[in-house]
Amino acid sequence: MPTEQMPIFALATGAGRAAIAVMRLTGAGCGDMLQRLCGPLPPPRQASLRGLWRRDAAAAPVLLDRALVLWFPGPRSYTGEDSAELHLHAGPAVIAGVADALVALGARPAEPGEFTRRAFAHGRLDLIEAEGIADLIDAETEAQRRQALDQADGTLSRIYDGWAARLRTLLAHQEALIDFPDEDLPPGVEQALLDDLTALRSEMQAHLDDGGRGEKLRRGLVFTIVGAPNVGKSSLLNALAGRDAAIVSAIAGTTRDAIEIRVVLGDVPVTLIDTAGLRETQDEIEAEGVRRALFHVKHADCVIAMFDGETVPDDIPADAIRVRNKVDLAPVPAGADAIGISVRQGTGMDALRTALAERARALTASAAGPPLTRARHRAAIEETAGHLAAALDMHWPEMRGEEMRLAMRALGRLTGAVGVEDLLDTVFGQFCIGK
(Lines of atoms letter the chains of each structure in order from A and count residues from 1; the text may use other names and numbers.)
(Lines give C-alpha, C1' and ligand atoms only; values in the text may rest on other atoms or scores of the structure.)
Protein backbone atom coordinates (compact mmCIF):
# COMPACT_ATOMS: atom_id res chain seq x y z
CA MET A 1 0.00 0.00 0.00
CA PRO A 2 1.41 3.49 -0.90
CA THR A 3 2.60 5.31 2.20
CA GLU A 4 0.19 8.21 1.57
CA GLN A 5 -2.74 5.76 1.84
CA MET A 6 -1.51 3.75 4.84
CA PRO A 7 -3.45 4.12 8.07
CA ILE A 8 -1.74 6.62 10.35
CA PHE A 9 -2.20 7.44 14.01
CA ALA A 10 -1.02 10.10 16.44
CA LEU A 11 -1.85 11.70 19.75
CA ALA A 12 -3.94 14.84 19.27
CA THR A 13 -3.34 15.91 22.87
CA GLY A 14 -0.15 17.13 24.49
CA ALA A 15 2.36 15.04 26.37
CA GLY A 16 2.49 15.01 30.15
CA ARG A 17 0.31 13.94 33.05
CA ALA A 18 -3.40 14.26 32.22
CA ALA A 19 -6.72 12.47 32.60
CA ILE A 20 -7.42 11.87 28.90
CA ALA A 21 -5.30 11.32 25.80
CA VAL A 22 -6.93 11.46 22.36
CA MET A 23 -5.47 9.12 19.73
CA ARG A 24 -6.47 9.82 16.11
CA LEU A 25 -6.50 7.20 13.36
CA THR A 26 -7.19 7.63 9.64
CA GLY A 27 -6.58 5.88 6.32
CA ALA A 28 -7.51 2.88 4.22
CA GLY A 29 -8.50 -0.09 6.37
CA CYS A 30 -9.09 2.08 9.43
CA GLY A 31 -12.49 0.48 10.04
CA ASP A 32 -11.08 -3.05 9.95
CA MET A 33 -8.36 -2.08 12.42
CA LEU A 34 -10.88 -0.51 14.74
CA GLN A 35 -13.04 -3.63 14.72
CA ARG A 36 -10.04 -5.81 15.59
CA LEU A 37 -9.18 -3.40 18.39
CA CYS A 38 -12.63 -2.89 19.95
CA GLY A 39 -15.20 -5.09 18.22
CA PRO A 40 -18.19 -3.86 16.16
CA LEU A 41 -17.94 -0.28 14.92
CA PRO A 42 -19.92 2.25 16.97
CA PRO A 43 -22.59 4.37 15.24
CA PRO A 44 -20.94 7.14 13.17
CA ARG A 45 -20.04 10.30 15.11
CA GLN A 46 -21.32 8.90 18.42
CA ALA A 47 -19.09 8.20 21.42
CA SER A 48 -19.23 4.60 22.64
CA LEU A 49 -17.45 3.08 25.64
CA ARG A 50 -15.44 0.09 24.42
CA GLY A 51 -12.69 -2.19 25.62
CA LEU A 52 -9.50 -1.94 23.55
CA TRP A 53 -7.78 -5.28 23.04
CA ARG A 54 -4.44 -6.44 21.71
CA ARG A 55 -5.11 -9.69 19.88
CA ASP A 56 -2.13 -11.89 19.05
CA ALA A 57 -2.59 -15.21 17.30
CA ALA A 58 -0.21 -16.96 19.69
CA ALA A 59 -1.62 -15.52 22.92
CA ALA A 60 -4.86 -14.70 24.65
CA PRO A 61 -6.32 -11.20 24.04
CA VAL A 62 -5.01 -8.52 26.40
CA LEU A 63 -7.23 -5.65 27.57
CA LEU A 64 -5.33 -2.38 27.06
CA ASP A 65 -7.91 0.16 28.26
CA ARG A 66 -11.59 1.00 28.39
CA ALA A 67 -12.02 4.09 26.24
CA LEU A 68 -14.51 6.23 24.38
CA VAL A 69 -14.40 5.37 20.68
CA LEU A 70 -15.70 7.62 17.90
CA TRP A 71 -16.03 6.45 14.29
CA PHE A 72 -16.03 8.91 11.34
CA PRO A 73 -16.59 7.11 8.02
CA GLY A 74 -15.22 8.92 4.98
CA PRO A 75 -15.74 11.15 3.15
CA ARG A 76 -17.54 12.95 6.01
CA SER A 77 -14.47 13.16 8.20
CA TYR A 78 -11.70 15.67 8.79
CA THR A 79 -9.33 13.96 6.35
CA GLY A 80 -11.97 12.70 3.93
CA GLU A 81 -10.91 9.11 4.77
CA ASP A 82 -12.32 6.62 7.25
CA SER A 83 -11.17 7.96 10.62
CA ALA A 84 -11.52 7.30 14.33
CA GLU A 85 -10.70 8.82 17.70
CA LEU A 86 -9.79 6.88 20.83
CA HIS A 87 -10.24 8.80 24.09
CA LEU A 88 -7.83 6.93 26.33
CA HIS A 89 -6.73 7.21 29.91
CA ALA A 90 -3.55 9.25 29.57
CA GLY A 91 -1.08 6.96 31.34
CA PRO A 92 2.13 6.46 29.35
CA ALA A 93 1.74 2.67 29.49
CA VAL A 94 -1.81 2.89 28.08
CA ILE A 95 -0.72 5.17 25.24
CA ALA A 96 2.29 3.00 24.41
CA GLY A 97 0.21 -0.19 24.51
CA VAL A 98 -2.44 1.17 22.12
CA ALA A 99 0.25 2.57 19.80
CA ASP A 100 1.99 -0.82 19.69
CA ALA A 101 -1.32 -2.53 18.93
CA LEU A 102 -2.01 -0.13 16.04
CA VAL A 103 1.45 -0.72 14.58
CA ALA A 104 0.87 -4.47 14.83
CA LEU A 105 -2.38 -4.00 12.90
CA GLY A 106 -0.55 -2.18 10.07
CA ALA A 107 -0.76 1.51 10.96
CA ARG A 108 2.23 3.83 11.25
CA PRO A 109 2.87 6.98 13.32
CA ALA A 110 1.83 10.16 11.51
CA GLU A 111 4.23 12.87 10.38
CA PRO A 112 3.66 16.48 11.53
CA GLY A 113 0.61 17.92 9.75
CA GLU A 114 -0.17 14.67 7.93
CA PHE A 115 -3.84 14.57 8.93
CA THR A 116 -4.38 18.06 7.50
CA ARG A 117 -2.28 17.25 4.45
CA ARG A 118 -4.60 14.33 3.71
CA ALA A 119 -7.59 16.63 4.20
CA PHE A 120 -6.06 18.94 1.57
CA ALA A 121 -5.38 16.03 -0.78
CA HIS A 122 -9.02 14.90 -0.51
CA GLY A 123 -10.40 18.40 -1.13
CA ARG A 124 -11.70 18.91 2.41
CA LEU A 125 -9.91 22.25 2.58
CA ASP A 126 -7.58 24.37 0.48
CA LEU A 127 -4.09 25.59 1.29
CA ILE A 128 -5.27 28.93 2.67
CA GLU A 129 -7.69 27.18 5.06
CA ALA A 130 -4.99 24.70 6.11
CA GLU A 131 -2.69 27.58 7.01
CA GLY A 132 -5.55 29.12 8.97
CA ILE A 133 -5.82 25.94 11.05
CA ALA A 134 -2.08 26.08 11.76
CA ASP A 135 -2.46 29.70 12.87
CA LEU A 136 -5.44 28.78 15.05
CA ILE A 137 -3.35 26.18 16.86
CA ASP A 138 -0.60 28.77 17.44
CA ALA A 139 -2.92 31.67 18.40
CA GLU A 140 -1.83 33.37 21.64
CA THR A 141 -4.48 36.10 21.84
CA GLU A 142 -8.14 36.64 21.07
CA ALA A 143 -7.30 38.86 18.10
CA GLN A 144 -5.08 36.16 16.61
CA ARG A 145 -7.78 33.56 17.23
CA ARG A 146 -10.41 35.60 15.38
CA GLN A 147 -8.13 36.20 12.41
CA ALA A 148 -7.06 32.55 12.20
CA LEU A 149 -10.63 31.26 12.53
CA ASP A 150 -11.83 33.54 9.73
CA GLN A 151 -9.11 32.14 7.50
CA ALA A 152 -9.75 28.52 8.51
CA ASP A 153 -13.47 29.02 7.83
CA GLY A 154 -12.72 30.09 4.25
CA THR A 155 -13.20 33.87 4.41
CA LEU A 156 -10.00 34.57 2.46
CA SER A 157 -10.52 31.57 0.18
CA ARG A 158 -13.92 32.87 -0.91
CA ILE A 159 -12.34 36.17 -1.95
CA TYR A 160 -9.58 34.45 -3.92
CA ASP A 161 -11.94 31.90 -5.46
CA GLY A 162 -14.17 34.79 -6.55
CA TRP A 163 -11.22 36.46 -8.24
CA ALA A 164 -10.33 33.19 -9.98
CA ALA A 165 -13.90 32.73 -11.27
CA ARG A 166 -13.98 36.27 -12.66
CA LEU A 167 -10.57 35.88 -14.27
CA ARG A 168 -11.62 32.56 -15.79
CA THR A 169 -14.65 34.23 -17.39
CA LEU A 170 -12.56 37.12 -18.68
CA LEU A 171 -10.03 34.68 -20.14
CA ALA A 172 -12.86 32.89 -21.97
CA HIS A 173 -13.96 36.23 -23.45
CA GLN A 174 -10.37 36.97 -24.47
CA GLU A 175 -10.10 33.57 -26.16
CA ALA A 176 -13.31 34.33 -28.06
CA LEU A 177 -11.79 37.58 -29.33
CA ILE A 178 -8.73 35.62 -30.49
CA ASP A 179 -10.59 32.68 -32.07
CA PHE A 180 -13.39 34.62 -33.74
CA PRO A 181 -11.93 37.99 -34.74
CA ASP A 182 -14.17 38.33 -37.79
CA GLU A 183 -17.40 37.24 -36.12
CA ASP A 184 -20.14 39.68 -35.23
CA LEU A 185 -19.36 39.94 -31.53
CA PRO A 186 -21.38 42.43 -29.50
CA PRO A 187 -19.94 45.96 -29.68
CA GLY A 188 -17.71 47.04 -26.82
CA VAL A 189 -16.74 43.49 -25.78
CA GLU A 190 -13.00 44.21 -25.74
CA GLN A 191 -13.35 47.49 -23.84
CA ALA A 192 -15.63 45.83 -21.29
CA LEU A 193 -13.02 43.11 -20.84
CA LEU A 194 -10.29 45.69 -20.26
CA ASP A 195 -12.50 47.56 -17.79
CA ASP A 196 -13.18 44.36 -15.86
CA LEU A 197 -9.49 43.47 -15.81
CA THR A 198 -8.70 46.95 -14.48
CA ALA A 199 -11.31 46.60 -11.74
CA LEU A 200 -10.02 43.16 -10.75
CA ARG A 201 -6.43 44.39 -10.57
CA SER A 202 -7.54 47.38 -8.48
CA GLU A 203 -9.23 45.05 -5.98
CA MET A 204 -6.05 43.02 -5.68
CA GLN A 205 -3.94 46.14 -5.20
CA ALA A 206 -6.29 47.40 -2.48
CA HIS A 207 -5.95 44.03 -0.75
CA LEU A 208 -2.16 44.34 -0.92
CA ASP A 209 -2.13 47.91 0.41
CA ASP A 210 -3.06 46.92 3.96
CA GLY A 211 0.18 47.85 5.67
CA GLY A 212 0.92 44.21 6.42
CA ARG A 213 -1.52 44.33 9.34
CA GLY A 214 -2.61 40.71 9.17
CA GLU A 215 0.96 39.47 8.87
CA LYS A 216 1.99 41.61 11.86
CA LEU A 217 -0.85 40.25 14.00
CA ARG A 218 -0.03 36.68 13.04
CA ARG A 219 3.68 36.87 13.90
CA GLY A 220 3.42 39.53 16.60
CA LEU A 221 4.97 42.98 16.75
CA VAL A 222 8.46 44.09 17.76
CA PHE A 223 8.83 47.09 20.09
CA THR A 224 12.41 48.21 20.70
CA ILE A 225 13.43 50.24 23.75
CA VAL A 226 16.34 52.61 23.06
CA GLY A 227 18.07 55.43 24.85
CA ALA A 228 21.32 56.51 26.44
CA PRO A 229 22.99 54.31 29.06
CA ASN A 230 21.41 54.23 32.50
CA VAL A 231 18.10 55.92 31.63
CA GLY A 232 16.12 52.90 32.89
CA LYS A 233 15.57 50.80 29.76
CA SER A 234 16.15 47.48 31.50
CA SER A 235 13.98 48.55 34.44
CA LEU A 236 11.19 49.42 31.99
CA LEU A 237 11.52 46.03 30.28
CA ASN A 238 11.23 44.28 33.64
CA ALA A 239 8.20 46.38 34.61
CA LEU A 240 6.37 45.64 31.35
CA ALA A 241 7.29 41.95 31.51
CA GLY A 242 6.25 41.67 35.16
CA ARG A 243 9.48 39.90 36.10
CA ASP A 244 13.22 40.46 36.37
CA ALA A 245 14.22 39.56 32.82
CA ALA A 246 17.14 41.98 32.47
CA ILE A 247 19.97 42.84 34.85
CA VAL A 248 19.55 46.31 36.35
CA SER A 249 22.61 48.19 37.57
CA ALA A 250 23.66 51.77 38.25
CA ILE A 251 26.78 51.07 36.18
CA ALA A 252 26.33 52.56 32.70
CA GLY A 253 26.69 50.07 29.85
CA THR A 254 25.51 47.00 31.78
CA THR A 255 23.33 45.86 28.85
CA ARG A 256 25.62 44.81 25.99
CA ASP A 257 23.37 42.54 23.92
CA ALA A 258 19.68 42.76 23.09
CA ILE A 259 17.27 41.07 25.51
CA GLU A 260 13.91 39.92 24.10
CA ILE A 261 10.74 39.30 26.10
CA ARG A 262 7.30 38.27 24.76
CA VAL A 263 4.31 40.13 26.23
CA VAL A 264 0.74 40.92 25.19
CA LEU A 265 -0.27 44.55 24.62
CA GLY A 266 -3.73 45.46 23.36
CA ASP A 267 -4.50 41.78 22.66
CA VAL A 268 -1.49 41.67 20.33
CA PRO A 269 1.66 39.60 21.00
CA VAL A 270 4.64 41.93 21.25
CA THR A 271 8.34 41.15 21.52
CA LEU A 272 9.96 43.83 23.69
CA ILE A 273 13.66 44.34 23.02
CA ASP A 274 15.95 45.98 25.55
CA THR A 275 19.07 47.32 23.84
CA ALA A 276 22.49 48.62 24.75
CA GLY A 277 22.70 52.30 25.66
CA LEU A 278 23.41 54.60 22.71
CA ARG A 279 26.69 56.45 23.14
CA GLU A 280 30.16 56.80 21.67
CA THR A 281 32.46 54.17 23.14
CA GLN A 282 35.92 52.71 22.61
CA ASP A 283 34.88 49.38 24.10
CA GLU A 284 34.57 46.93 21.18
CA ILE A 285 31.93 44.79 22.87
CA GLU A 286 29.81 47.78 23.89
CA ALA A 287 30.22 49.27 20.39
CA GLU A 288 28.86 46.05 18.91
CA GLY A 289 25.91 46.32 21.31
CA VAL A 290 25.25 49.86 20.07
CA ARG A 291 25.39 48.66 16.46
CA ARG A 292 22.87 45.95 17.22
CA ALA A 293 20.65 48.45 19.03
CA LEU A 294 20.52 50.62 15.90
CA PHE A 295 19.73 47.51 13.84
CA HIS A 296 16.76 46.75 16.09
CA VAL A 297 15.60 50.37 15.83
CA LYS A 298 15.60 50.07 12.03
CA HIS A 299 13.57 46.84 12.02
CA ALA A 300 11.14 47.58 14.87
CA ASP A 301 7.41 48.03 14.37
CA CYS A 302 7.55 50.64 17.13
CA VAL A 303 10.42 52.36 18.93
CA ILE A 304 10.17 53.36 22.59
CA ALA A 305 12.64 56.24 22.93
CA MET A 306 13.58 56.61 26.58
CA PHE A 307 15.43 59.48 28.23
CA ASP A 308 15.72 61.09 31.64
CA GLY A 309 16.52 64.67 30.59
CA GLU A 310 15.13 66.93 27.89
CA THR A 311 17.13 65.53 24.95
CA VAL A 312 15.67 62.63 22.97
CA PRO A 313 18.27 60.22 21.50
CA ASP A 314 19.39 60.86 17.92
CA ASP A 315 18.36 58.66 14.97
CA ILE A 316 14.93 57.94 16.43
CA PRO A 317 11.93 57.55 14.07
CA ALA A 318 9.45 60.42 14.08
CA ASP A 319 6.63 58.09 15.18
CA ALA A 320 8.54 56.74 18.19
CA ILE A 321 6.79 56.72 21.56
CA ARG A 322 8.84 59.11 23.70
CA VAL A 323 9.14 58.22 27.38
CA ARG A 324 10.76 60.43 30.00
CA ASN A 325 11.81 58.41 33.02
CA LYS A 326 12.63 59.52 36.58
CA VAL A 327 9.87 62.13 36.79
CA ASP A 328 10.12 61.69 40.56
CA LEU A 329 13.40 63.62 40.27
CA ALA A 330 12.45 66.11 37.53
CA PRO A 331 8.87 66.47 36.23
CA VAL A 332 8.07 66.58 32.51
CA PRO A 333 7.91 70.21 31.28
CA ALA A 334 4.47 71.45 30.26
CA GLY A 335 3.71 70.74 26.61
CA ALA A 336 6.51 68.21 26.23
CA ASP A 337 5.86 65.46 23.68
CA ALA A 338 6.62 62.61 26.05
CA ILE A 339 4.96 60.27 28.52
CA GLY A 340 6.33 60.92 31.98
CA ILE A 341 7.02 57.89 34.15
CA SER A 342 9.00 56.73 37.12
CA VAL A 343 9.72 53.04 36.72
CA ARG A 344 11.01 52.86 40.28
CA GLN A 345 7.83 54.32 41.82
CA GLY A 346 5.35 53.11 39.18
CA THR A 347 4.24 56.63 38.30
CA GLY A 348 2.77 56.92 34.79
CA MET A 349 3.09 53.22 34.00
CA ASP A 350 -0.64 52.77 33.38
CA ALA A 351 -0.60 55.65 30.88
CA LEU A 352 2.42 54.13 29.13
CA ARG A 353 0.82 50.67 28.95
CA THR A 354 -2.30 52.26 27.45
CA ALA A 355 -0.24 54.10 24.84
CA LEU A 356 1.66 50.94 23.91
CA ALA A 357 -1.56 48.92 23.65
CA GLU A 358 -3.15 51.57 21.43
CA ARG A 359 -0.12 51.54 19.14
CA ALA A 360 -0.19 47.73 18.94
CA ARG A 361 -3.88 47.76 18.00
CA ALA A 362 -3.35 50.53 15.44
CA LEU A 363 -0.57 48.56 13.74
CA THR A 364 -2.67 45.39 13.41
CA ALA A 365 -6.29 46.56 13.05
CA SER A 366 -7.74 45.76 9.63
CA ALA A 367 -9.62 48.69 8.11
CA ALA A 368 -11.95 46.67 5.87
CA GLY A 369 -12.21 43.01 4.96
CA PRO A 370 -9.99 40.11 5.98
CA PRO A 371 -6.27 40.95 5.73
CA LEU A 372 -3.38 39.09 4.17
CA THR A 373 -1.71 36.90 6.76
CA ARG A 374 1.40 35.43 5.11
CA ALA A 375 4.24 36.55 2.86
CA ARG A 376 3.39 33.62 0.55
CA HIS A 377 -0.08 35.04 -0.05
CA ARG A 378 1.31 38.51 -0.69
CA ALA A 379 3.86 37.23 -3.22
CA ALA A 380 1.21 35.24 -5.14
CA ILE A 381 -1.21 38.17 -5.33
CA GLU A 382 1.58 40.56 -6.34
CA GLU A 383 2.51 38.14 -9.13
CA THR A 384 -1.13 37.85 -10.23
CA ALA A 385 -1.63 41.62 -10.23
CA GLY A 386 1.63 42.02 -12.17
CA HIS A 387 0.42 39.70 -14.92
CA LEU A 388 -2.89 41.58 -15.09
CA ALA A 389 -1.01 44.87 -15.42
CA ALA A 390 1.05 43.36 -18.24
CA ALA A 391 -2.14 42.08 -19.91
CA LEU A 392 -3.65 45.55 -19.82
CA ASP A 393 -0.54 46.95 -21.54
CA MET A 394 -0.63 44.34 -24.33
CA HIS A 395 -2.03 45.34 -27.72
CA TRP A 396 -1.71 41.86 -29.23
CA PRO A 397 -4.70 39.72 -28.15
CA GLU A 398 -2.61 36.54 -28.03
CA MET A 399 -0.06 38.11 -25.68
CA ARG A 400 -2.80 39.52 -23.50
CA GLY A 401 -4.35 36.06 -23.24
CA GLU A 402 -1.01 34.55 -22.26
CA GLU A 403 -0.55 37.07 -19.43
CA MET A 404 -4.07 36.28 -18.23
CA ARG A 405 -3.25 32.56 -18.20
CA LEU A 406 -0.12 33.27 -16.15
CA ALA A 407 -2.26 35.30 -13.75
CA MET A 408 -4.66 32.36 -13.40
CA ARG A 409 -1.75 30.05 -12.59
CA ALA A 410 -0.31 32.42 -9.97
CA LEU A 411 -3.73 32.75 -8.33
CA GLY A 412 -4.18 28.97 -8.38
CA ARG A 413 -0.93 28.50 -6.47
CA LEU A 414 -2.33 30.72 -3.74
CA THR A 415 -5.10 28.28 -2.78
CA GLY A 416 -3.23 25.15 -3.84
CA ALA A 417 -5.32 24.54 -6.95
CA VAL A 418 -2.23 24.21 -9.16
CA GLY A 419 1.50 23.63 -8.90
CA VAL A 420 2.17 23.63 -5.15
CA GLU A 421 3.89 20.29 -4.57
CA ASP A 422 7.12 22.08 -3.61
CA LEU A 423 5.20 24.08 -0.98
CA LEU A 424 3.38 21.26 0.78
CA ASP A 425 6.27 20.03 2.92
CA THR A 426 6.89 23.59 4.11
CA VAL A 427 3.24 24.36 4.88
CA PHE A 428 2.32 21.11 6.62
CA GLY A 429 5.69 20.71 8.33
CA GLN A 430 4.68 23.66 10.54
CA PHE A 431 1.87 21.64 12.12
CA CYS A 432 2.16 19.62 15.30
CA ILE A 433 1.99 15.82 15.14
CA GLY A 434 -1.65 14.75 15.42
CA LYS A 435 -3.01 17.55 13.24
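Residue 1 is the first one shown; counting continues down the chain.
Placed from the backbone N, Cα and C atoms, the Cβ positions cover glycine too.
Noted in Swiss-Prot for the protein shown:
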type: BINDING; residues: Arg24, Glu85, Arg124, Lys435; note: (6S)-5-formyl-5,6,7,8-tetrahydrofolate binding site
type: BINDING; residues: Asn230, Ser249, Ile251, Thr254; note: K(+) binding site
type: BINDING; residues: 230-235, 249-255, 274-277; note: GTP binding site
type: BINDING; residues: Ser234, Thr255; note: Mg(2+) binding site
type: DOMAIN; residues: 220-361; note: domain 'TrmE-type G'
Ser234 (Mg(2+) binding site) CB neighbourhood, other CB atoms within 10 A: 23
Rounded Cα separation (Å) that holds between Ala276 (GTP binding site) and Ser234 (Mg(2+) binding site): 9
Inter-residue Cα distance where the pair is Ser234 (Mg(2+) binding site) and Glu85 ((6S)-5-formyl-5,6,7,8-tetrahydrofolate binding site), in Å: 49
Average pLDDT across the domain 'TrmE-type G' (220-361), rounded to a whole number: 82
Of Arg24, Arg124, Lys233 (the binding-site residues), the residue whose Cβ has the fewest other Cβ atoms within 10 Å: Arg124
Packing count at Asn230 (K(+) binding site) (other Cβ atoms within 10 Å of its Cβ): 19
Integer Å distance between the CA atoms belonging to Arg124 ((6S)-5-formyl-5,6,7,8-tetrahydrofolate binding site) and Lys233 (GTP binding site): 50
Among Glu85, Ala276, the most crowded of the binding-site residues [Cβ within 10 Å]: Ala276
Residue pair Asn230 (K(+) binding site), Arg24 ((6S)-5-formyl-5,6,7,8-tetrahydrofolate binding site) - Cα distance, angstrom, rounded: 55
Euclidean distance between Cα atoms of Arg24 ((6S)-5-formyl-5,6,7,8-tetrahydrofolate binding site) and Ser234 (Mg(2+) binding site), Å: 47
